[in-house]
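Q: Below, the features straight out of TrEMBL:
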- Arg19: site 'Transition state stabilizer' (SITE)
- Tyr24: active site, proton acceptor (ACT_SITE)
- Asn75, His81, Asp88, Val102, Ser103, Arg112: substrate binding site (BINDING)
- His101: active site, proton donor (ACT_SITE)
Amino acid sequence: MGKSILLINGPNLNLLGTREPQIYGSTTLADVEASCKAHAESLGASLATFQSNHEGAIIDRIQAARGNVDGIVLNPGAFTHTSVAIRDALLGVAIPFIELHVSNVHAREPWRHHSYFSDKAAGIIVGLGVYGYKVAVEHVALNFKERAVL
């Protein structure tokens, strides 16, 4: 059985490809998800995707992943700087995760420099554009431990 990966995208990432393309590029979220699924499969892993603009929905999806996925790739969007609740959900399910940002948040507004997730993430990918998703999926597929099947 291969690794199971969950890709979660937070608020406004459904607008990838059209929202501020000078910052986020022109690739759509659907294209990112399809590319990540294909890449995961090429590595013998499976990938499920989820996007929401709502904090509670993201928390519900993280909690539903408990015992069902080996790793999470999380682009929390603006929740990066505000969501203790998503942080607590990640800690509560104890699933290792990669924090991902399409843009280099450290080269942007000062309020974007703080993350509620970075100190708990297994890794952080920042500023590689949508290519960062492929890097994150590959890292989870090749390096995270497979969950124990009870």
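FYI, residue positions are counted from 1 along the chain as it appears here.
Note: Cβ is positioned from N, Cα and C throughout, glycine not excepted.
Curation does not apply to TrEMBL; its annotations are automatic.
Help me see these features in their spatial surroundings.
A: Residues within less than 8 Å, Cβ to Cβ, of Arg19 (site 'Transition state stabilizer') and separated from it by at least 6 positions along the same chain comprise Asn12.
Look at Tyr24 (active site, proton acceptor): DSSP puts it in a helix.
Under the DSSP three-state reduction, His81 (substrate binding site) is assigned to helix.
The C-beta environment of His101 (active site, proton donor), restricted to residues of the same chain at least 6 apart in sequence and closer than 8 Å, consists of Asn75, Thr80, Ile124, Ile125, Val126, Gly127, Gly132. Under DSSP, His101 (active site, proton donor) is assigned to a strand (E or B) in the three-state scheme.
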Q: Tell me whether Asp88 (substrate binding site) sits in a helix, a strand or coil according to DSSP.
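A: In the DSSP reduction, Asp88 (substrate binding site) maps to helix.
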Q: Could you check the binding-site residues Asp88, Val102, Ser103 and say which one's CB has the most other CB atoms within 10 Å?
A: Val102
Q: Just counting, how many other CB atoms are there within 10 A of the CB of His81 (substrate binding site)?
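A: Neighbour count, Cβ to Cβ under the 10 Å cut-off: 16.
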Q: In angstrom units, rounded to an integer, how far apart are the Cα atoms of His81 (substrate binding site) and Tyr24 (active site, proton acceptor)?
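A: Distance (Cα to Cα, whole Å): 18 Å.
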Q: Hey, what's the Cβ neighbour count for Tyr24 (active site, proton acceptor) at 10 Å?
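A: Taking every protein chain into account, the count is 18.
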